[in-house]
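Presented below is the structure to which this report refers.
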Amino acid sequence: MMSVVSRTKRLGVLGTMLLSCMAFNASSAWEDLPQEEYEAVLKGKFEQGNYSAKGADNCLMCHRRNETVMALFEGVHGRTENPASPMSSGQLQCEACHGPMGNHNRGGKEPMITFGKGSQLSASAQNSVCLSCHKGDDRLAWHGSTHDIEEVACSSCHNVHAAQDPSRDKHAADENCLSCHQQQRAQIHQRSSHPIRTGQLNCTDCHNPHGTLNTAMLSEHNINDNCYACHADKRGPFLWEHAPVAEDCSSCHNPHGSVNEAMLTQRTPLLCQSCHAGVHSGTPVSQSGQDAFGGGRSCLNCHNMVHGSNHPSGKLLQR
Ligand code: HEC
Ligand code: HEC
Ligand code: HEC
Ligand code: HEC
Ligand code: HEC
Ligand code: HEC
Ligand code: HEC
Ligand code: HEC
Ligand code: HEC
Ligand code: HEC
């Protein structure tokens, strides 16, 4: 195992965070402490900055039989050759994530920073540890993003004590998203849907789970730019545009799936009539499917170029 020659004793980001908002209150029965007091104990440890002189070697004296712990060394965070990796010498090793050991080794009495469902720390406190190294481009918009505000932890989607991070397998990553997003799970199983179930398309093709400055954490500036990335033919320019198409694809389509064909939010003619209420008022538009207006493809029987037309006489989107 690696051992540590010299390491600077410094306050992690969590330390700074806790220092700025908590009052120190030492206590020993930490497992039962309410979150605030538990965080206060950790804050005290950061204040004292008692990092272990032996680094990981020290921790592993007690934790090496735990398979979860040892799996760290199969993943990127356990590499020693990458100087940015927590395990390389000069870094704080285990304590880069779990905080200074302090008196934790005295029978495990003092808490360490913990992660995941069982953790007594708020998600934002846990996340500040990860962000101390990962504040790169892809996560610039994390702060204030919906997942940040909703207290979703990095470790809800990532696992560092593992040979491979789960986000590397896109299909498994989708399944993880769907474990929280039940509405989208239902939509992608409906009659017409984007092929997400089969793994042909992934949540992250359209969304950045780390947040963006755009609506719904979309990767592109707006919904249409998002759709054009794959459906370039719908961008035009068209000689005869259909106003809502250029404006917002989602005024007619659900981006994940729907019970109607072509992922339409409503079936025709209702969809068209939601905006064109009084049209063809001379002709009663039947909903019974018996005439050209209500039957077959309904309005699309005649106005079939619904996304726009390039035909010189396609003003009414019929050719
Ligand atoms: C003298 C033994 C000992 C040493 C050394 C030690 N620990 Fe622990 N640690 C324990 C005991 C005991 C517990 C509580 C029982 C448990 O959860 O395994 C514990 C719990 C933990 C937990 C919480 C586990 C959970 O599931 O909630 C973490 C994280 C942890 N230790 C990390 C470390 C790190 C990092 C180091 C080195 C800086 C370290 N420990 C050094 C004995 C030790
Ligand atoms: C890159 C950050 C990071 C580093 C470095 C790290 N851990 Fe962890 N540790 C975590 C996270 C996150 C979890 C929660 C489980 C998960 O997501 O992998 C965890 C879980 C644990 C647990 C609880 C495991 C269980 O059985 O549930 C222990 C104990 C632990 N770590 C000890 C260590 C020791 C010892 C080291 C150094 C050899 C270490 N950790 C290095 C982030 C880290
Ligand atoms: C001490 C710095 C440090 C800390 C703290 C840290 N990481 Fe990392 N992380 C790294 C390095 C270095 C890499 C490898 C980057 C590379 O290879 O380009 C990495 C890679 C990753 C990757 C990519 C995994 C892969 O398989 O390519 C994920 C995901 C990740 N970290 C999540 C986390 C999470 C979640 C936490 C908090 C629990 C965390 N990191 C804490 C340094 C850190
Ligand atoms: C809602 C799930 C989710 C959350 C929460 C999340 N991530 Fe990710 N992360 C992913 C997915 C999915 C990928 C893979 C991205 C892809 O396929 O394009 C990823 C990729 C990464 C990578 C590797 C790629 C890169 O950009 O270097 C790092 C590092 C990372 N995340 C760090 C973090 C950190 C730090 C946090 C917490 C602040 C976090 N993530 C929160 C889902 C998440
Ligand atoms: C641990 C639960 C959890 C996981 C896992 C999760 N999310 Fe979320 N997500 C939430 C919560 C809570 C909200 C806010 C309520 C809502 O909109 O459903 C949210 C909101 C969103 C939003 C709407 C953002 C907005 O600003 O309107 C998108 C998009 C999203 N998540 C995408 C994803 C993707 C993609 C993944 C997988 C990479 C994922 N989520 C994984 C909990 C989660
Ligand atoms: C083809 C692109 C695309 C894919 C793939 C995609 N989404 Fe979306 N998603 C969108 C768009 C566009 C919106 C915004 C819809 C709106 O605002 O009307 C959205 C909105 C959302 C919202 C917010 C919904 C709300 O009512 O506010 C969540 C949550 C979400 N998506 C989760 C997911 C999850 C989880 C996956 C993977 C299973 C996924 N999305 C895959 C394009 C996509
Ligand atoms: C990452 C690529 C990608 C993005 C982005 C994308 N799509 Fe798709 N879309 C596909 C694929 C792949 C199919 C399936 C094509 C096939 O089966 O021929 C599809 C199919 C469709 C269908 C036909 C569904 C059916 O059942 O006939 C509609 C409608 C559609 N997309 C609308 C949209 C809208 C609206 C957006 C923007 C919110 C969008 N797409 C964004 C890749 C994408
Ligand atoms: C005014 C409503 C409306 C708007 C807005 C709209 N669509 Fe459609 N779209 C439809 C209808 C209706 C169909 C079914 C056409 C058919 O069956 O001939 C359809 C079908 C599709 C299809 C599958 C068939 C094909 O033509 O490839 C795709 C892909 C599609 N739309 C993408 C988009 C994109 C991308 C946008 C935004 C740029 C968009 N749509 C905006 C009404 C609309
Ligand atoms: C979200 C609202 C909306 C929906 C839904 C919608 N349209 Fe339109 N449509 C418009 C607007 C706005 C115009 C432009 C009207 C104008 O320029 O006076 C338009 C123009 C048209 C025109 C050309 C009329 C002209 O005078 O230039 C036709 C034909 C048309 N729509 C048919 C349809 C059909 C068929 C559907 C259903 C598939 C549909 N529309 C759905 C809003 C909508
Ligand atoms: C049998 C063919 C046919 C069907 C079906 C049809 N239209 Fe038309 N539509 C026309 C023709 C021809 C015109 C131009 C003459 C007119 O105004 O009657 C027109 C004109 C329009 C116009 C532009 C003129 C105006 O009054 O604003 C709109 C919008 C329109 N239709 C929408 C619809 C909608 C919505 C439906 C479905 C409920 C529909 N059409 C069904 C043939 C049809």
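Glycine residues also receive a Cβ, built from the backbone N, Cα and C atoms like all the rest.
Copied over from TrEMBL, here are the features:
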DOMAIN    94-166  domain 'Cytochrome c-type protein NrfB-like'
DOMAIN    194-235  domain 'Doubled CXXCH motif'
DOMAIN    242-278  domain 'Doubled CXXCH motif'
SIGNAL    1-25  signal peptide
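Per-class residue totals from DSSP over the domain 'Doubled CXXCH motif' (242-278), listed helix then strand then coil: 15 helix, 4 strand, 18 coil. If one looks beyond the domain 'Doubled CXXCH motif' (194-235) by at least 6 residues along the same chain, the residues whose Cβ comes under 8 Å of a Cβ in the stretch are 138-139, 141-148, 157, 170-171, 173-174, 177, 188, 245-250, 255-257, 263, 307.
Through the fold, the domain 'Doubled CXXCH motif' (242-278) approaches residues 184, 187-194, 196, 206, 223-224, 226-227, 234, 236, 285, 287, 293-294, 297-300, 303, 306-308, 317 of its own chain, all at least 6 residues removed from its boundaries and within a Cβ separation under 8 Å.
Secondary structure of the domain 'Cytochrome c-type protein NrfB-like' (94-166) per DSSP, as helix, strand and coil residue counts: 25 helix, 0 strand, 48 coil. The domain 'Doubled CXXCH motif' (242-278) scores a mean pLDDT of 96 in the predicted structure.
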